[in-house]
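Structure first, commentary second.
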Amino acid sequence: MGRFLLVTLSMLVVTFSLNEANSCCCPQDWLPKNGFCYKVFNDLKNWNDAEMFCRKFKPGCHLASIHSNADSADLAEYISDYLKSDGHVWIGLNDPRKQRTWVWSDRSSTNYLAWNQGEPNNSKNIEYCVHLWALTGYLKWNDTPCEALYHFICQCKF
């Protein structure tokens, strides 16, 4: 019985230590996930201004990149909890060469895509930036003009 209790307590200590390691370096109100910290901002900015805002935190910060269904679900829940008003949210995916080749602003792999049905459609030939669509609970993406004013989510390593 004593050994079982010792092993159980040891496992709890390790579990709490790992949880703390995941969140120890993120500022308050930032979401720790996969070695990054994420923060949604209620300000309205165009895509370029939002990306520059994120970069000013520290080198290596960008609009968020999303690489799995699990990441998408966690970010959607976080945004729903912390965004003070309804509206779309910029992410780091864009088409800087205007050739329908989507890249993340942090240059990470585009190994995961979550377009809403019928997207990307490049309506009026002017949609080169991507936002999380509020109407889908922030789970699906839409291409839109980069000049649109939306909330945004930054991704940083602290």
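Numbering starts at 1 and runs along the chain as it is shown here.
Note: Cβ is positioned from N, Cα and C throughout, glycine not excepted.
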Next on the checklist: Say which of C37, C54 is recorded by Swiss-Prot as the disulfide partner for C26.
Outcome noted: C37
Next on the checklist: Need the cross-check against Swiss-Prot: the disulphide partner of C154, picked from C54, C129, C146.
Outcome noted: C54
Next on the checklist: I want to verify the bond table. Which candidate from C129, C156 sits on the other end of the disulfide that Swiss-Prot records for C146?
Outcome noted: C129
Item to check | Nearest-integer angstrom distance between the alpha carbons (Cα) of N121 (N-linked glycosylation site) and C37 (disulfide bond) | outcome: 31
Next on the checklist: My understanding is the cutoff is Cβ-Cβ under 8 Å with a sequence separation of 6 or more in the same chain; which residues meet that for C129 (disulfide bond)?
Outcome noted: W47, W90, L93, N94, D95, D143, T144, P145, C146, A148
Checklist outcome for this item: C154 (disulfide bond) and N142 (Ca(2+) binding site), compared by Cα position, are separated in whole Å by 18
Item to check | Whole-number Å value for how far C54 (disulfide bond) lies from E127 (Ca(2+) binding site) (Cα to Cα) | outcome: 21
